[in-house]
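Below is one structure; the comments refer to it alone.
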Amino acid sequence: MSTTAQDVEALVHSDDPNHPANHICTLCAKFYTLGWVTGTGGGTSIRHEDKIYIAPSGVQKELMKPTDMFVMDFESKEYLRRPQVLKPSACTPLFMAAFERGAGCCIHTHSQWAVLVTLLVERDLGTEACFEIEEIEQIKGIPKGRGKQGNLGYYDRLRIPIIENTAHEEDLRESLEAAMERWPDSYAILVRRHGIYVWGDNVHKAKTQCESIDYILQLAVEMKKLGLPWTKS
């Protein structure tokens, strides 16, 4: 059967607030108030069954509408819906890397705390080090790892790998995938001088994990100001 224009538009029209096209708009409006998607930066993508919903590139994220969404077929990687006046997200290859590992939602922010932590780690530990912190209550909001049951505990150490930034977002995919392979239990990857990618099994988990991690990153910056260590060793 051929796909009609009506079928294509039906992909982004729903009264359900949890429909991916609606949900992305709601999330990005919230993320804007947190300073995560300032100045058209950042993005969010949701996998719903065999379809990937992606916020466009170069738009004010707090003003997006469901009709601004791109929709891609997960298997073929072809666009089912592509707004003519908007650009596909430069984050798409990075989002797909998360979805190919079972994620249901991936969030990319330009959080200042994420950027600052990558600089602090580089200054104090070098470019090969990851961010590590322990004995912080909010760590309990982060899963133990892919395929593992439950979340990290208070005495567990949270580790988030850091990759170097590139001139073009899509060029991050190779290093991001390499970090995913090296750190299979991580649900987040920091990008130096840029931001962070966080993903989860579903929208709820990705959102709460991103909130927990940003809280921890802000805390880490404030701890550094006070000369407090992130870990005991």
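Quick reminder: no glycine exception, Cβ is built from N, Cα and C everywhere.
Annotated Zn(2+) binding in Swiss-Prot involves His108, His110 plus, out of the candidates His48, His168, His194, the residue His194. A separation of roughly 26 Å, to the nearest angstrom, links the Cα atoms of Glu137 (active site, proton donor/acceptor) and His194 (Zn(2+) binding site). Cys91 (substrate binding site) is 12 Å away from His110 (Zn(2+) binding site) when you measure Cα to Cα.
Of all the Cβ atoms in the protein chains shown, 20 others lie within 10 Å of the Cβ of His194 (Zn(2+) binding site). In the three-state DSSP assignment, the secondary structure recorded for His108 (Zn(2+) binding site) is strand.
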